[in-house]
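Q: Below you'll find the structure I mean.
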Amino acid sequence: MVGGMERSLRAARAATYVYFVLCGTLMGAWVVHIPAIETRVGVGHAALGVLLVLLGLGAFAGMRAAGPLTDRLGARTAVPASGALCAVSLVLPGLAPDPWTLAAALLVLGFANGCLDVSMNAHAVHVEQAYGRPVMSGFHATFSIGGVLAAGAAAAATAAGLGPAATLALLGALGLATALLAARGLLPAAPAPDAADAPAADAPAAGGGDVRGRIRVLAVLALMVMLAEGAANDWSALHLKDVLGTPASTAAFAYGAFAAAMTTGRLLADRIADRHGPTAVLRHGAATAALGITVAALTPWTWAAFLGWALFGLGLSGCVPQLLSAAGHADPAAAGANVSRVAGLGYLGMLAGPAVIGWLTHLTALNHAFLLLALLCAATATAAGVLRTAPAGAPTGGTH
């Protein structure tokens, strides 16, 4: 019996990895085809910016919808259904003949991606709870690997003479098959608690404090962390090019340093959380990120800016997984809804990050605008103690 439970748990963890890779691959496939689709439908950069906002709004709506549905239907239903919807939706942008159709396609794709994001994270919380130790960061690392796979697949398809529509259709078909086949490994839904036994939203959490207030704090921290991450996505390369005068071909490696360090950090963060606790990962990670972005913002040397962006990515790497894990464990019976609240506000931060930095550049230099990110990371490090109030059953690692 024990051996069977262990096999089931290993299968559930493997299936969760598959869905994170799938999500990263599907969204990465869209990203790498943006230039070709932009040209084909005849939109400029300004119109494309509006279309990308629609993608984000669709994702936010999907996140808000998926949480309660995942709690009601169970991840074993919600995750493969969301994955299948995301795979099918990937085909739509490649078929869009004009900007209006592309706008509708991106709303649908964003909605499907938001559903998959929340449902797979909710299932990851259940897997982590079953393991009794931190495993969330490893799942998020495989999302990044999915993006790399998408880039490789797109390059191979281009070399084979396939256009965006054919490539997205092929990847969508493979994604659909993967989403349906991987469902067998997911954990079954836990029995719903009786109404009399279920904790109220404002009832004390197992580790102290009320669940609703705890989720609000976690959501605000996710907003700050993901705002910083979103700013790095869009401004890191421009920082080296426009502020330090680095050639464009070299400046692009600033984001590469950030992304590589973030992936590496997520591969290591579970071990650190297991040994020292999630509070240490969030506190020291956010502090490292604050140091890194400060170095990048103030240094006159290109090599130091690369180091700063790498430290920024390394520090941020474990923050979001710890926050989502804490949200899911705050009330296991409402893991999906709580993850959706934290992830949803965090996603708004990621959307807002580039715009906030852009607005600040009207008031100060670009590198000085980055100091806002340092302040947000420092505030996150200061508030990391919220993770200490871990509910019963949540993996806590060490006592630091």
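Backbone N, Cα and C define each Cβ position, glycine as well.
In case it's useful when we look at the structure, here is the feature table from TrEMBL:
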- 1-392: domain 'Major facilitator superfamily (MFS) profile' (DOMAIN)
- 17-37: transmembrane segment (TRANSMEM)
- 43-61: transmembrane segment (TRANSMEM)
- 102-120: transmembrane segment (TRANSMEM)
- 141-162: transmembrane segment (TRANSMEM)
- 168-187: transmembrane segment (TRANSMEM)
- 215-232: transmembrane segment (TRANSMEM)
- 252-269: transmembrane segment (TRANSMEM)
- 281-303: transmembrane segment (TRANSMEM)
- 342-362: transmembrane segment (TRANSMEM)
- 368-387: transmembrane segment (TRANSMEM)
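Give me the local environment of each listed feature.
A: Residues 34, 99, 102-103, 106-111, 113-114, 117, 344, 347-348, 351 of the same chain, all 6+ positions outside the transmembrane segment (43-61), place their C-beta atoms under 8 angstroms from a C-beta of that stretch.
Remote same-chain partners of the transmembrane segment (342-362), defined as residues 6 or more beyond its termini with a Cβ less than 8 Å from a stretch Cβ, comprise 53, 56, 59-60, 63-64, 114, 117-118, 121, 215, 218-220, 222-235, 320, 323-324, 327, 369-370, 372-373.
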Q: Would the transmembrane segment (141-162) count as touching the transmembrane segment (17-37), i.e. at least 3 C-beta pairs under 8 angstroms with sequence separation of 6+?
A: yes
Q: Mean pLDDT over the domain 'Major facilitator superfamily (MFS) profile' (1-392): what is the value?
A: 87
Q: Among 215-232, 252-269, 368-387, which stretch has the most Cβ pairs under 8 Å to the transmembrane segment (141-162)?
A: 252-269
